[in-house]
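Undergrad: Below is a structure I'd like to ask you about.
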């Protein structure tokens with residue numbers, strides 16, 4: 001929002017929220033009807049161009065975020081935060097607006113007249129009008145927007161994004177977009193009036209505008225030196241991302257649309273444009289200090305990745321109703337990702353103090369980890385990722401989600417045994433995960449109910465509780481036997497096999513059934529110790545998050561959520577790897593052997609010392625779901 005919002009700031013369909021595309025529903029229905037009854041394909045082409053523009057922009061944002069995660073040729077070394085993501089989730093408003101304009105022009109101007117598919121003279125005319133007329137008018141319109149009156153009411157909204165992403169290019173108030181549409185439509189209107197307009201020229205011009213807009217707002221340089229060496233005048237005819245980036249950092253220079261010639265003519269070109277271009281090109285791929293290796297969960301988690309839809313990844317993972325409509329594309333994309341043996345790749349880059357930590361994706365879904373057929377290939381991919389990180393000098397690799405499963409690789413122990421001379425440290429994060437759960441249990445608790453798969457984290461939690469004279473009630477005999485193996489005589493007295501569901505604190509892991517949840521008393525608090533949350537069926541109970549911590553305010557470039565966790569909250573397994581790197585510990589933290597209480601406390605204290613905070617367990621009275629059920 002601008003600092004002093006002016007008239008026509010909001011878009012007309014803002015109250016519709018995520019359902020704003022319903023505005024185009026009559027258009028789509030009419031275009032299909034016109035094609036079916038009159039073989040009029042031009043309205044359908046308008047819909048096709050709309051879809052193409054959305055896909056085109058999404059390709060740019062995915063490519064940009066992948067490149068930003070690598071750190072190659074980066075221009076501005078600053079971060080993007082949730083406020084910018086929220087502000088820029090309206091990037092597609094201008095596509096809806098332009099689609100309506102095209103449709104109304106077709107209905108009320110061209111009518112039943114057929115526009116030719118191609119006309120060379122029309123293409124030439126549009127190109128000349130853009131270079132000579134549009135660029136000139138836009139330059140002065142843009143300068144006018146930087147006058148304090150218009151800037152405070154409109155253009156400051158766009159300039160709130162110091163570090164730009166491709167979709168930053170079209171994030172403006174509604175009134176400002178009306179001005180842009182009028183200016184950019186001049187070549188098309190002129191060609192229409194002259195009778196030289198064609199389907200290809202209109203589609204090409206719209207694509208050119210989108211392409212250049214997206215290119216100029218990348219936060220990395222991608223135009224090679226050879227582009228200007230072969231034909232030096234291109235410097236005045238084509239801007240670069242670094243050229244326009246200076247406009248967002250300096251504000252009073254580099255006003256041009258796509259062709260910098262008017263900045264050079266009127267003396268508003270930034271004198272550091274050439275040097276920033278050169279230094280940006282020379283920046284090599286960033287070497288992280290630590291890497292967190294994770295994988296996809298559900299099919300829809302494809303869109304939750306930071307490389308996917310920015311607005312989706314900035315909220316906890318959940319099933320959105322409209323993603324159901326995209327299921328065919330989702331399945332196709334998931335098939336491509338998982339069938340062609342893609343290596344792991346970086347999808348997020350963060351900083352905390354002097355530490356740089358990346359998140360890498362292993363392109364497999366949770367379902368693949370449950371299949372014996374895929375286990376060998378997954379292990380090879382994890383091993384390859386570890387060895388690749390070793391070559392690059394990465395200090396710590398944390399194995400998140402199922403990448404460190406006991407059946408898969410023994411909590412990472414397999415890699416350490418196979419490569420005993422590894423300099424990179426493998427961290428499974430179990431120690432911190434266990435301590436997070438233990439410290440989530442309210443002070444004064446005398447008994448808890450345990451139910452779930454026996455894991456390294458589960459054993460550590462039960463051991464700590466029993467040592468602190470907290471009774472751990474276990475419902476199943478096989479779970480009781482497995483846990484008892486790791487307890488000494490004094491602690492075993494606090495491990496009780498029971499059929500009593502009365503404890504108000506439940507420690508739950510994988511395997512908790514719906515029927516067991518129904519047996520819990522009203523007001524029960526479910527504390528997961530697993531990496532995946534239980535299915536929530538009780539509205540009168542409280543479900544805590546999976547083991548996680550709030551990250552320090554100083555952590556940078558945090559603009560997406562980790563699976564189902566909230567904003568600026570990280571899983572304990574991921575935090576464990578970061579803490580290991582921050583402290584510079586030299587030992588591995590992995591394997592089937594349970595860590596000592598001393599080590600778990602050391603990790604917990606180090607996490608707190610480095611600014612990570614525990615997630616409090618709120619009372620039921622503050623739980624919205626509980627309140628709504630009363």
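Just so you know, glycine gets a Cβ as well, placed from its N, Cα and C.
Since we're looking at a predicted model, the values are computed, not measured.
Pulled these features from TrEMBL for this protein:
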- 128-268: domain 'Fatty acid hydroxylase' (DOMAIN)
- 448-614: domain 'Very-long-chain aldehyde decarbonylase CER1-like C-terminal' (DOMAIN)
- 21-38: transmembrane segment (TRANSMEM)
- 44-63: transmembrane segment (TRANSMEM)
- 122-141: transmembrane segment (TRANSMEM)
- 178-206: transmembrane segment (TRANSMEM)
- 321-342: transmembrane segment (TRANSMEM)
Undergrad: Can the transmembrane segment (178-206) be said to touch the transmembrane segment (321-342) if we require at least 3 CB pairs below 8 Å and skip pairs under 6 apart in sequence?
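TA: No; fewer than 3 Cβ pairs under 8 Å.
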Undergrad: From the DSSP assignment alone, can you count helix, strand and coil residues within the domain 'Fatty acid hydroxylase' (128-268)?
TA: 98 helix, 1 strand, 42 coil
Undergrad: I'd like to know the mean pLDDT over the domain 'Very-long-chain aldehyde decarbonylase CER1-like C-terminal' (448-614).
TA: 93
